[in-house]
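K.L.:
Mind looking over this structure? Questions follow.
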Amino acid sequence: MKNLVVVDHPLIKHKLTIMRDKNTGPKEFRELLREITLLLAYEATRHLKCEEVEVETPITKTIGYRINDKDIVVVPILRAGLVMADGILELLPNASVGHIGIYRDPETLQAVEYYAKLPPLNDDKEVFLLDPMLATGVSSIKAIEILKENGAKKITLVALIAAPEGVEAVEKKYEDVKIYVAALDERLNDHGYIIPGLGDAGDRLFRTK
């Protein structure tokens, strides 16, 4: 798992434990997902380049640094990735936002695309793909395929929880994609859910079950 980074931080561990609790309601669940995404983004954006700029303080002129966040694209996988987008956009408010709609067929466990709306992509764009659960990896792989078909070259996948099977599947298909997660869990069960995981993130976010 050479491309995997597990962001080890006390705040993330604390907040993720509350999210795992089956008694945590949707309002708190949404807030925690947004907060953890913000913390993950701190590490996932570490490779971004800064440009020198001159700035005038109340005392004197000096050299500072700015990120050109207009070259950054945030792409949540619908539905559950939407809340993650809110977290990363707090740090990068000028980033472009695309959306990819994918669901996992419960019988075949294959990814089915139902929507894609993306801003212009090219070699210079830094794309952050957001999906809370990296389980089998099929949804993330499908989303990366769509991004690459539309011109994306620099893609970083940010997830809340991953299973080893999902990480290995993404790495096998796309060696150039870095993966940042809050936790690497034990395994998948027979239904493709992460163990111990936190259940279906979308259902818990939007109370659809």
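Residue numbers in this text run from 1 along the chain shown.
Backbone N, Cα and C define each Cβ position, glycine as well.
The shown structure was predicted, so the numbers you read here are calculated from the model rather than taken from an experiment.
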K.L.:
Record says Arg79, Asp131, Pro132, Met133, Leu134, Ala135, Thr136, Gly137, Val138, Ser139, Asp200 bind 5-phospho-alpha-D-ribose 1-diphosphate. Source is Swiss-Prot. Which of Arg66, Arg104, Arg187 does it list for that same site?
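P.N.:
Looking through Arg66, Arg104, Arg187, the residue Swiss-Prot assigns to the 5-phospho-alpha-D-ribose 1-diphosphate site is Arg104.
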K.L.:
Under 8 Å between C-beta atoms and at least six apart in sequence, can you list the same-chain neighbours of Gly199 (uracil binding site), or say none if there are none?
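P.N.:
Lys22, Tyr193 - these are the non-local Cβ neighbours of Gly199 (uracil binding site), listed in sequence order.
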K.L.:
An 8 Å radius from the center of the Ile194, Gly199, Asp200, Ala201 Cβ atoms defines the neighbourhood of the uracil site; name the other residues of that chain inside it, in order.
P.N.:
Pro132, Met133, Tyr193, Gly197, Leu198, Gly202, Asp203, Arg204
K.L.:
Name the one residue among Ile194, Asp200, Ala201 whose Cα is closest in three-dimensional space to that of Ala135 (5-phospho-alpha-D-ribose 1-diphosphate binding site); these are the binding-site residues.
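P.N.:
Checking each of Ile194, Asp200, Ala201 against Ala135 (5-phospho-alpha-D-ribose 1-diphosphate binding site), the shortest Cα distance is to Ile194.
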K.L.:
By CA distance, which of the binding-site residues (Arg79, Asp131, Met133, Ser139) lies nearest to Asp200 (uracil binding site)?
P.N.:
Met133
